[in-house]
Amino acid sequence: MFGVSIVTTQPVAAQSIEDRLRSQLRETTLQLRQLQDSQSQLQADSAAANQQRDKALADLKQAQQELAEAKQKSGAQSETERALASEKVRRSQDEQELEKYKASYAELQNVSRVRDTERTQSQTALKTQQTQLQNCQAKNEQLYQVGHEILDAYAHAGIVSVLQSREPFAERERVKYDSIAQAYGDSLYENKYDPRASPPSAASAAIESSAPAASK
């Protein structure tokens, strides 16, 4: 009986070892597959991480480039704004200067118009005075001629009356008439208007005052 039991137990033990080994192999295979799956997942995750890293680097580079471009544009815009502000200031100053020139020109025009008016009035007054002067000269000449005619008539009448009287004092009367005629003649000559001469002197006034005295 003991021999039979030994024989029968050996296949059972061998089968148990084989099952255990198969079980371990399955577990090992499963673990290997899990490890391979994990490795594949890790590789996939690593690739995704690398892609994300590359994308992040690309995004960072793009952002840096855009920032540099934005700074450049901002600098150019600021320069343009400064130039525009400076141009506005210069234009405002030019407009102020132009307004000053306009005011000065308008003032000069007003002064010129006033002077033109004054010159026209002066020319008109001068022409009027020249006309009046010519009339005065003509009338003065007429009066001078009339005065000479009166003196001639007075002298002639005096001489005739002296010659007709045949009195001893006739010579004195003739001298008196000649003196009176000469005094009036000198007075007419002195007071004849001459635009080139100075105003009548005191000598002519003295002659005029002496002429009536001589007639007495």
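Each residue, glycine too, has its Cβ placed from N, Cα and C.
What TrEMBL says about a protein is an automatic prediction, not a curated fact.
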As TrEMBL has it, region 'Disordered' corresponds, among 139-164, 165-190, 191-216, to residues 191-216
What does the DSSP secondary structure composition of the region 'Disordered' (35-97) look like, as residue counts for helix, strand and coil? 63 helix, 0 strand, 0 coil
